[in-house]
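Asker: Got a structure here, written out as structure tokens. Questions coming.
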Amino acid sequence: MSKVTSSTLIKFKQEGKKFTALTAYDASFAGAFDSEGVDVLLVGDSLGMVLQGHNDTLPVTIADIAYHTACVKRGVARALLIADMPFMSYSTPEQTMNNAAILMQAGASMVKLEGGHWLLESVKMLTERGIPVCAHLGLTPQSVNVFGGFKVQGRDADNAQRILDEAKALQAAGAQLLVVECIPAPLAKAITEALTIPVIGIGAGADTDGQILVMHDVLGISSGYIPRFSKNYLKQTGEIRSAIRAYIDEVANGTFPAEEHTFN
């Protein structure tokens, strides 16, 4: 199979082909996900919660992400590899550039940043310097203390319009991919239709171009709170590779996410 790039995902969007993404943190799981056909792998700052045992993602460092990116890279042959830029690692232009370079040198093909209008100059700067950017809107976990918890975003008209406007602005600034998290399904659909770049949803309904989940949720090994938008595929298949194939198949045929995984 040929390597997945941002151009591949744009082609999928144009063809109406739904694609899948998962988080990954080591070479073994990354290799299994990659060989089964997962299109995008994200070394997420979610590792702070699922690997390190924190209550949120804020303690994660650039060194943490770089280490796990290098691990995942060794297991990947096909999937597009994205690395999260963690909390307070992109506050100034110089810091943003230096930290993004660290992640690219560790093996990432793209970096992901959370935020809206305030990020536009950073997105433009990174893109102009050859570092592809995935933007992230809606529930941005690094802002959990501002939101007052992990809450659905964009439910009122003003905030929905703000998120849509930010999505368009981030695309114009050069973002090649967008993640929307925990927003109402109609808003996610409007964003997906308004943009030419691919949109990946998590807790955002079935009308985005792709879906992403945390691997621990897909495999039923998360402890504590289980998000409404997640699904335990290992429970229904009994085997890891079969679980991943079931996830890919259900995204492709539109049966995941179902209504019970969606916010309105």
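We number each residue from 1, going along the chain as drawn.
Glycine too: its Cβ is placed from the backbone N, Cα and C atoms.
According to Swiss-Prot, the record shows the following:
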BINDING   ASP45, SER46, ASP84, LYS112  3-methyl-2-oxobutanoate binding site
BINDING   ASP45, ASP84, GLU114  Mg(2+) binding site
ACT_SITE  GLU181  active site, proton acceptor
Asker: Cα-Cα, whole number of Å: the residue listed as 'active site, proton acceptor' versus ASP45 (3-methyl-2-oxobutanoate binding site)?
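Answerer: Just about 14 Å between their Cα atoms.
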Asker: Among all chains shown, work out which of the recorded positions ASP45, ASP84, GLU114, GLU181 has the most CB atoms within 10 A of its CB.
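Answerer: Per the Cβ count within 10 Å, the most buried is ASP84.
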Asker: Calculate the distance in Å between the alpha carbons (Cα) of ASP84 (3-methyl-2-oxobutanoate binding site) and GLU114 (Mg(2+) binding site), and round it to a whole number.
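Answerer: So the Cα of GLU114 (Mg(2+) binding site) lies 9 Å away from that of ASP84 (3-methyl-2-oxobutanoate binding site).
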Asker: Looking at the binding-site residues SER46, LYS112, which one has the fewest other Cβ atoms within 10 Å of its own Cβ?
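Answerer: The binding-site residues SER46, LYS112 were compared, and SER46 has the fewest Cβ atoms within 10 Å.
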